[in-house]
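Novice: Found this in Swiss-Prot, in case it helps:
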type	residues	note
BINDING	21-28, 69-73, 127-130	GTP binding site
LIPID	Cys209	S-geranylgeranyl cysteine
LIPID	Cys210	S-geranylgeranyl cysteine
MOTIF	43-51	motif 'Effector region'
Amino acid sequence: MSGKGTSSRAYDMIMKLLLVGDSGVGKSCLLLRFVEDKFNPSFITTIGIDFKIRTIESKGKRIKLQVWDTAGQERFRTITTAYYRGAMGIVLIYDVTDSRSFENVENWFQTVTQHANEDAQIFLVGNKCDDEVNRQVSKEQGQELAAKLNVPFLEASAKSNENVDSIFYELASIIQEKHVEENIGGVGGASGAGGIDVSQNNSGAKNNCC
């Protein structure tokens, strides 16, 4: 998978993605690892909402991923739900070392389905899978919940960089396939929720990840 060194080329599509889940599950860490290939062990609470950009290649297309990192605290819930509109993909994250964050997944799923576009693709992620000593949620439990919710699932680790790229590449691929089905002309002309056909060069995208 290559998303490096070609930022001067035009991109074919923009995808707005949203990271949601309880506070402390590692949303910001996953995003930092994906975009900048860095890991910050310090817990820094997201205030409201933030976003980062990375451009990847998927199915022969240049996809500009605009990834929004939302606050997990209840007091920011009203603010962040406004950003669900237009999101083409939602990454719903829990912490495998925190059973409560896993128990809250279905509440988050309900919030997503209530506020996001009907065709938004949800992707379930169990973060911090490197910490087997403190694991409280098994991989099988995650798989069972994903099957119940009918969504794709991966365990990942921002710390060890396990499956971090895979989350976003797989989600982008699923969204592309949806748009191919909806737009016979291909994803380059997609104008649905968050999809933008552009002709100008994109020099600001961050591609410096492994």
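Each Cβ is built from the backbone N, Cα and C atoms, and glycine gets one as well.
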Novice: Give me the mean pLDDT over the motif 'Effector region' (43-51), rounded to a whole number.
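Specialist: Taking every residue of the motif 'Effector region' (43-51) together, the mean pLDDT is 63.
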Novice: Just how many other Cβ atoms lie inside 10 Å of the Cβ on Cys129 (GTP binding site)?
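Specialist: Cys129 (GTP binding site): 22 neighbouring Cβ atoms within 10 Å.
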Novice: For each of the binding-site residues (Gly21, Lys27, Thr70), count the other CB atoms lying within 10 A of its CB, then report the residue with the highest count.
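Specialist: The residue with the most neighbouring Cβ atoms within 10 Å is Lys27.
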Novice: Look up Lys27 (GTP binding site) in the DSSP assignment and report helix, strand or coil.
Specialist: helix
Novice: Across all the protein chains here, work out how many other Cβ atoms are within 10 Å of the Cβ of Gly24 (GTP binding site).
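Specialist: Taking all protein chains shown, Gly24 (GTP binding site) has 15 Cβ neighbours within 10 Å.
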